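S.K.: First the structure, then my questions, so here it is.
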């Protein structure tokens, strides 16, 4: 009998990607985050679709339409909070996924890595535009501050900002276009994720040792389907705990005040997952310099394959590089904390030191550590 999953044109693609895919036998739970990100994306698209059915992208009604969703729509509150906290879960998974890639040298797969960086940028843009939609105080002022950064671009800056705004300030036109973009972007992310997977399946997965696993492969199903199912269960458990017990834990109280262009909130800050980049932006006194540092803080990931000086791929057997990696993690946590603090002493200097440390670690200290480790056996 001919097996349909191996012959049918559509089933064949699914089979080769999720069923008969040869996978390394030793990939740990750090390899679960790819599938978890897929689940997050599907969840965000579904909850977002139902929210869009009741949301109105007009400055006069946006805030009240979100209130209406929470109060009057059947299970609207749970859909809204699953969407808001789903974004946080998405970014937790993203950061862990990227961190895994850095630790185990997954960036050696150039195409997969670069598409991943584009995915990160697209997700950040989508999340930013989504944060503007409820039209609360932090939505409005966050949009104003972040879009205004583009005015630092020489010569075309001001025109560019007004073009994005669709006027001379963040207003109705801005909200409408942000809603349109926020709706379309997740589908672009789906397409990019498929390209990401396509490139990954060209090379096969990396594994914790960083050594070729061609000699020891196992089928993806049932081994990793069951492992991913457990990961999904834990992800949904964590999300529902957040949604049902502390839905506003990661949000900003200011966003429960309708947007008012005449009243600036005391501390304008983005959602927690952007705070590290926001801290880097604020740590540089010059506006253009700050914007460049902000972009470079993410774009620097593209340089990772070029900065890889070690003879080994993974940091599994490289203790000095491991120390550097965990110092980088601590530094990013410090930046996240600083991004949420007011601009005053001692936070300013801590932010500046942490920002310098961030770039120093990636550009200088980590490649140096690798070079030292390469030469250690000679000593």
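Cβ atoms here come from the backbone N, Cα and C positions, even for glycine.
Note that the structure is a prediction, hence the values are computed from the model and not measured.
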S.K.: If I go by Swiss-Prot, the feature transmembrane segment sits on one of 113-133, 134-154. Which?
M.R.: 113-133
S.K.: Measure the Cβ-based neighbour count of residue 97 (heme b b566 binding site), defined as the other Cβ atoms within 10 Å of its Cβ.
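M.R.: Residue 97 (heme b b566 binding site) is surrounded by 20 other Cβ atoms within 10 Å.
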S.K.: Sort out the residues at least 6 away from either end of the transmembrane segment (347-367), same chain, that have Cβ-Cβ distances under 8 Å to it, and list them.
M.R.: 279-280, 282-284, 293, 296-297, 300, 303-304, 307-309, 321, 324-325, 327-328, 331-332, 334-335, 338-339, 341
S.K.: Judged by the number of other CB atoms within 10 angstroms, which among 83, 182, 201 is the least packed of the binding-site residues?
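M.R.: Each of the binding-site residues 83, 182, 201 was scored; lowest Cβ tally within 10 Å is 201.
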S.K.: Among the recorded stretches 178-198, 226-246, 288-308, 320-340, which has the greatest number of Cβ pairs closer than 8 Å to the transmembrane segment (77-98)?
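M.R.: When the Cβ pairs under 8 Å are tallied, 226-246 comes out ahead.
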S.K.: Take the transmembrane segment (226-246) and find every residue of the same chain, 6 or more past its ends, with a Cβ under 8 Å from one of its Cβ atoms.
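M.R.: Cβ under 8 Å, 6 or more out: 29, 32-33, 35-36, 39-40, 43, 78, 81-82, 85-86, 88-89, 93.
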S.K.: Measuring Cα to Cα, how far is residue 201 (ubiquinone binding site) from residue 97 (heme b b566 binding site) in Å?
M.R.: 17
S.K.: Hey, what's the Cβ neighbour count for residue 196 (heme b b566 binding site) at 10 Å?
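M.R.: There are 21 of them.
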